[in-house]
Amino acid sequence: MHFHFSKMHGLGNDFMVVDCITQNVFFSPELIRRLADRHTGVGFDQLLVVEAPYDPESDFHYRIFNADGSEVEQCGNGARCFARFVRMKGLTNKYTIHVSTKKGKMVLNVEEEDLITVNMGVPEFEPNKIPFRAKQSEKTYILRVGEHTLFCGAVSMGNPHVVTVVDDIRTAAVETLGPLLESHERFPERVNAGFMQVVSRDEINLRVYERGAGETQACGSGACAAVAVGILQGLLDEQVRVHLPGGELEIHWQGPGKPLYMTGPATHIYDGQISC
């Protein structure tokens, strides 16, 4: 099997992006794991697949696979790269692009060729829709994680997130708590774990341990989840700058029931082709 691809990143969260409209490529979990290997493959956090639309209201269907081969519902940084890719490859000339995903629909707005605003949809706090095992929706939950007791927020941005407020992002125990939270029994589909330091009401520092990928340089849906939880808990205002290890995102949310918007860069690194 031989196919063309692009390597892209959103704030260091890196992707292999493949057009499966003009190419016929099948990605098995084993093949994805081989391609994701940074020593013997292409190397990436996620594989993004562009498919023909599943319904007449969408321009494309957007699929996301983690480096471990698992398919996931959402990737905000990937969505920005997806928008740049389909324009760069001549698959569309639209500036507003409608895509379907495993979990729903998204709208991608191209502000400039490398600056994209994504309508991430309405944050979902109902436990059974995250999914998260809890009797009722709360702003803050208490989780036992190993020897630790954590006060967390839980939300779905199309994929499940748990967010913990920390005093200093530099000393947060992301390496140890991240994998424990990811596989916590109260999250039946596993979860992305965010560690948020509130700098001010319009600024946070954030690290994210991603489900199936580990800690990444940036996580767009994680940034959205952190801001949504912070606003719900009364810690943040509606316009927030998020500092991640790989760079900055701007998040805007007017509160429960309203869609959340994320603005950030999408960077093309190179084009390649591979036989496997």
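Glycine residues also receive a Cβ, built from the backbone N, Cα and C atoms like all the rest.
Annotation comment: Swiss-Prot describes Asn13, Gln46, Asn66, Gly76, Asn77, Asn159, Asn192, Glu210, Arg211, Gly220, Ser221 as substrate binding site. Residues annotated as active site, proton donor in Swiss-Prot: Cys75. Swiss-Prot lists Cys219 with the feature active site, proton acceptor, giving sequence analysis as the kind of evidence. For Tyr270, the entry in Swiss-Prot reads site 'Important for dimerization', with the evidence type sequence analysis.
Considering only the recorded positions Asn13, Asn66, Arg211, Tyr270, the residues lying within 10 A of Cys219 (active site, proton acceptor) on a C-alpha to C-alpha basis are Asn13. Within 8 Å of the Cβ centroid of the substrate site, not counting the listed residues Asn13, Gln46, Asn66, Gly76, Asn77, Asn159, Asn192, Glu210, Arg211, Gly220, Ser221, the chain contributes Asp45, Ile64, Val72, Gln74, Cys75, Gly78, Val208, Ala213, Thr216, Cys219, Gly222. Between the alpha carbons (Cα) of Ser221 (substrate binding site) and Tyr270 (site 'Important for dimerization') lies a span of roughly 24 Å.
The Cβ of Asn192 (substrate binding site) has Asn159, Pro160, His161, Val162, Glu182, Val208, Tyr209, Glu210, Arg211, Cys219, Ser221, Gly222, Ala225 as same-chain neighbours under 8 Å, each 6 or more residues away in sequence.
Ranked by Cβ neighbours within 10 A across all protein chains shown, the binding-site residues Asn13, Asn66, Asn77, Ser221 are led by Asn77. Calculated from their C-alpha atoms, the gap between Asn77 (substrate binding site) and Tyr270 (site 'Important for dimerization') amounts to 17 Å. Each residue contributes its Cα atom, and for Asn13 (substrate binding site) and Cys75 (active site, proton donor) these two points are 10 Å apart.
Asn66 (substrate binding site) sits 10 Å from the residue listed as 'active site, proton donor', counting Cα to Cα. Burial estimate for the active-site residues (Cys75, Cys219): highest at Cys219, by number of other CB atoms within 10 Å. Each residue contributes its Cα atom, and for Cys75 (active site, proton donor) and Tyr270 (site 'Important for dimerization') these two points are 21 Å apart. In the three-state DSSP reading, Asn77 (substrate binding site) counts as helix.
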